[in-house]
């Protein structure tokens, strides 16, 4: 299977630049062999079997979970490493205050200098060349990358998460543009040295070079650190491409909402982690006659079409979801998606060779093998699955995937939602006055870090646009880009922007809104607003539903609870507004003037 890289006849592309780059990386990393991935089913099976032989994969019960595998990572390699994630822009100012910057020349020396960590890093291993496309092949909204990796786990995962293999090389032609992504586990094998099931290195670097559109990742085999099409390309590098080319690369789900009568609407929504993004993307509405279908659960690439509307694609081909908390009662559609063809990492194993995690079932099994390989019972006092345990599954298996989820033209976005986890102050749903006010709402996305004292605003963790860990350039400039993309557009065709909060708590510390499927009631009001059919009331912070406009029929929600969810307390909001300048000042002169205008207008409206 290994091909001699030096013989052009054995290389499945005529792209000179790509061939020369692959040769260059092979020379640097010194793998035993080089394999160009073709993305075929046969290749997937072969690599999966190799991973089983190595002990990385364990095949799950073929009847309960066909063509599915279990993997347990090294206990030190379980999540994204934000403190080891670098933006290596030419100027430090371009990375901004919320990213870790490193001088690109210095970083290249660390990687490829005389003592560079990539030097010989693939010794004793196979180097896989993984051509992949973010978005449907052939779409004007899509973009190509090539990941070089010494991890077969990455190669098989990329087949699920992206369009991968020979069709991508065919699309690339002889001179097409591609983002260069280099990944090594940083675990070379000397001759005769035994391998471990999950190789990695205690030193880790996840580095992005925005100007040259490159990603270099060292030392981790896990998730977003290693599947470089996901956060590294689709958000950090793509956000820079979007800035330069006038589009948006966003940490957003995309869903299709169809009322009993009338046209379907497409909605994009950005929430920080642990705010129920995947649950909303796969929502089962409780409102009669309404349907939700999924376009994407994590990332949206959006461009303005010739008709002046904003069109979005889901650049991914799979779901890489957090397993714990996903269950029949929280996300039945995700559970149905996971029937087979899935890889589960760091979940627990049942005695009959299936998987389990916290929140998956009402009843906890009496005995499991936990993610570290230990015997586990409910008395163990530790989680059976790691809190960041993941599933990797083709999006096409989702029972409510929209037929147009791979439409190369994308889908027209009518509404954009922002939201965080706020126990206090923030109402259930707020419509922005206009686009710039909506950008102001997005810029102030926050979740509470600490429990708030009664009536007080708790300490906030700001996560503008839910992009804080994923923006590839200065966050102040990024906010400015949101203002700029709409400047010359027909305002009537822009998506309306909303801020939602499912997480308000009462004085007893209990959630007031039931959430989950009931969130469809809020979506219903939004669609009716878009159609000009629903009442709204102007408040100092935006437009809220009137009590009658929000459909609460059949909901166990008292009038006082509804008032609580739809009231703007001016005094609390003066406190809230007082926190904004410190946040906007973080970005200094990079903060767009328009956001300061919005802040001053808010203060004035609050009186």
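Cβ from N, Cα, C; glycine included.
Copied from Swiss-Prot, the annotated features are:
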type: ACT_SITE; residues: 275; note: active site
type: BINDING; residues: 80, 222, 223, 224, 273, 388, 389, 390; note: substrate binding site
type: BINDING; residues: 231, 251, 298; note: Mn(2+) binding site
type: BINDING; residues: 274, 275, 276, 277, 278, 279, 390, 421, 516, 517, 518, 519; note: GTP binding site
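On the structure: features taken from Swiss-Prot.
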| residue | record | Cβ contacts under 8 Å, 6 or more apart |
| --- | --- | --- |
| 80 | substrate binding site | 206, 223, 224, 225, 231, 469 |
| 273 | substrate binding site | 322 |
| 275 | active site | 419, 420, 421, 447, 502, 503 |
| 276 | GTP binding site | 502, 515, 516 |
| 298 | Mn(2+) binding site | 230, 251, 252, 253, 277, 278, 316, 319, 320 |
| 389 | substrate binding site | 322, 323, 324, 344, 345, 346, 347, 357, 371 |
| 390 | substrate binding site | 223, 320, 321, 322, 323, 344, 345, 346 |
| 518 | GTP binding site | 286, 555 |
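Sitting within 8 Å of the Cβ centre of 80, 222, 223, 224, 273, 388, 389, 390, and not among those site residues for substrate, are the Cβ atoms of 78, 79, 320, 322. For the Mn(2+) site, the Cβ centre of 231, 251, 298 serves as reference, and the other residues of the chain with Cβ at most 8 Å from it are 230, 234, 235, 299, 470. For residue 516 (GTP binding site), the Cβ neighbour count at a 10 Å cut-off comes to 17, with all displayed protein chains included. Mapped onto three states, the DSSP output places residue 389 (substrate binding site) in coil.
Sequence-distant contacts of residue 222 (substrate binding site), defined as residues of its own chain at least six apart whose C-beta falls under 8 angstroms from its C-beta, comprise 73, 77, 78, 79, 200, 345. Calculated from their C-alpha atoms, the gap between residue 388 (substrate binding site) and residue 274 (GTP binding site) amounts to 11 Å.
The binding residues for GTP are recorded as 274, 275, 276, 277, 278, 279, 390, 421, 516, 517, 518, 519; their greatest pairwise CA distance is 26 Å.
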